[in-house]
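Q: Straight out of TrEMBL:
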| type | residues | note |
| --- | --- | --- |
| TRANSMEM | B:21-43 | transmembrane segment |
| DOMAIN | B:79-293 | domain 'ABC transmembrane type-1' |
| TRANSMEM | B:82-102 | transmembrane segment |
| TRANSMEM | B:114-137 | transmembrane segment |
| TRANSMEM | B:163-189 | transmembrane segment |
| TRANSMEM | B:218-239 | transmembrane segment |
| TRANSMEM | B:274-296 | transmembrane segment |
């Protein structure tokens, strides 16, 4: 942890709560860069690239990542002609609002920006992200975990960003509470439900978990794990099925546990919620790979009592997980120096020293395959988790994240509609599965109003 | 030639309208007023006549956005909510402010300056800070009220729940603005000539009668001012619900108040044009309600 742990965690949480998780209209059909259905521009020659990297240039980079100056310094050391202005334009929604305003105004937008996976389609639909293929992006594909690459790839194989950090989902649990109440670590959702009942019956003040009724990002991660195909995008045609069978399975499951009163639904990332971890109100947190570091900074009084495990499974034969959080580096349309900008984004996320530094200084959970396998990263032991090699576990989980998940080109709206339908019914203990129908109906009406052709899934 | 005519006409103008100098003095204000108020207002009005789609771009739609807004159940819900808020919270707040002002003016309080200052301090606290503070106090698990309940054996109401939310918001707004209104009323009371009190006292009126028959009637214009401010404040309710939304995301939805709705439309749903129409409509509603308040009160006065 950096010394500014609480600060870091606050920022982090904003970024993560800002909404769900990931990103690109991957469109499985044409996800491969080797199959460019409508390759836009030709590849830029190495000579042009070399020349651009020697020409004195200033880039503007909007990011909320704390201390990113250190990684930027590595780039500037390698390319002394290039100067990068790092600007903190706020986090999550704040940053996106500023970015949209600048894009609309036609002036003031940065060359390079931090974009969360789930927002890549929201910005690529407005043609605000530069396709990085002409700058040699495709060659980097193998450096990233498969599913993260899918997340930044457009329907025609465009590469809209470089993956930076990720949040494959797992389960953090209080080993001491589990032992006290004789609960085995649940491997399936059925076992999890049984454990929730048992624990709450043993101590009505403790809940096996808190499923925050405002956490669309976490919920999307659970839908992702269950194999929902909620969104798909192909040009101006958008497939919406946020109430498909997998989604309803998740909704009925959690709706049931919440109605039984054995799982709480407190809003997350609030003071009340932080206190809940410190006071032992919640015995698990279903969270992402950034969760362990986050929690160790927010619930210090429980150091040593936590352990990490994979998410409970619907089908143990094929372990699968979803993702919650993480972000990318994208080049913004209108940049006067797209070559330099693209190479900067590439360096930041493929240079071994830079990616390693992200995992050490910012505690990012990497998208880089090399780093995930690196013993210096995977072998790290966490005192908060009683010496467990938490990174190693989450690296294994990362390999099980489903590659098929896509995001809609209007994520904000989906998040809002989820909160007011499914989220509200969780809080009110009403029929969550039925609420997903309402979610679907609202989203469909919105998509049509925005001029999309809407198909069912 | 030309310059001379221009110069002479300017001279002539100056002679016949000695007030022209005044424009130089109001120019800075006028410039700000035009640039920061009229132009954005005009631009928002212009925007409200279009529709911008993610697919298909921008088209002129005339008054369609307004037609949609007047039938929008989410907007109407929000309007009903702020109307209810106005009808309950504002009278309570003005009563508190009036009581405080009369008590201070009566000269019977000890440490009047301290009381005046402490009643006014909440207004000096930014509403964001005030809301965050109250949000903590309302906390359902660890808020002081809940803890008190735990100690004394009663269940504190869920102040951030559906049933209590509007009252909780009303409490925050009252806390913030009662002191501010008190200052306006107190200042108005200080302008009442003391001869009237003497005359009333000579006629045998006690402090209560003086308050009822002299002070309160004298406060009428000030009360009206407070009321108009409160109409605007209530209908534009934004900062408090917007911040409390983080603590109670499923209770305060994106259309809880009209301003919250307009904000959400513009920045979440990317419907800037529709948001502009909603804002304009809200402006008209506020104008209408303010006018109604003025109309009713001036009719009462004539009677």
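We count from 1, first residue shown onward.
For all residues, glycine too, the Cβ spot is worked out from N, Cα and C.
Walk me through where these features lie, including what they touch and how far apart they are.
A: Outside the transmembrane segment (B:82-102) by six or more residues, the chain places 115, 119, 166, 169-170, 173-174, 177-182, 184-186, 189, 211, 215-216, 219, 223, 226-227, 230-231, 234-235, 237, 257-258, 289 with a CB less than 8 A from a CB of the stretch.
Proximity of distant same-chain residues to the transmembrane segment (B:114-137), defined by a Cβ-Cβ separation under 8 Å and at least 6 residues beyond the stretch ends, is recorded for 100, 104, 143-145, 160, 168, 171-172, 175-180, 182-183, 186, 239-240, 243-244, 246-247.
For the transmembrane segment (B:218-239), the residues of the chain that approach it from at least six positions outside its boundaries are 79, 82-83, 85-86, 89-90, 93-94, 97-98, 101, 127-128, 131, 169, 173, 177, 181, 184-185, 187-189, 192, 196, 257-260, 263, 282, 285-286, 289-290, 293-294, 297, 301, judged by C-beta separation under 8 angstroms.
Note on the transmembrane segment (B:274-296): residues 44-45, 47-48, 51, 65-66, 68-70, 72, 75, 79, 86, 224, 227-228, 231-232, 235-236, 258-259, 261-263, 265-266 of its chain, located 6 or more positions outside it, place their CB under 8 angstroms from a CB of the stretch.
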Q: When you scan the chain for residues with a C-beta under 8 Å from the transmembrane segment (B:163-189), skipping those not six or more beyond its ends, what do you find?
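A: For the transmembrane segment (B:163-189), the nonlocal Cβ contacts are 81, 84-85, 88-89, 92-94, 96-98, 100-102, 104-105, 116, 119-123, 125, 127, 130-131, 134, 138, 157, 215, 218-219, 221-223, 225-226, 229-230, 233-234, 237, 240-241, 244, 248, 251-252.
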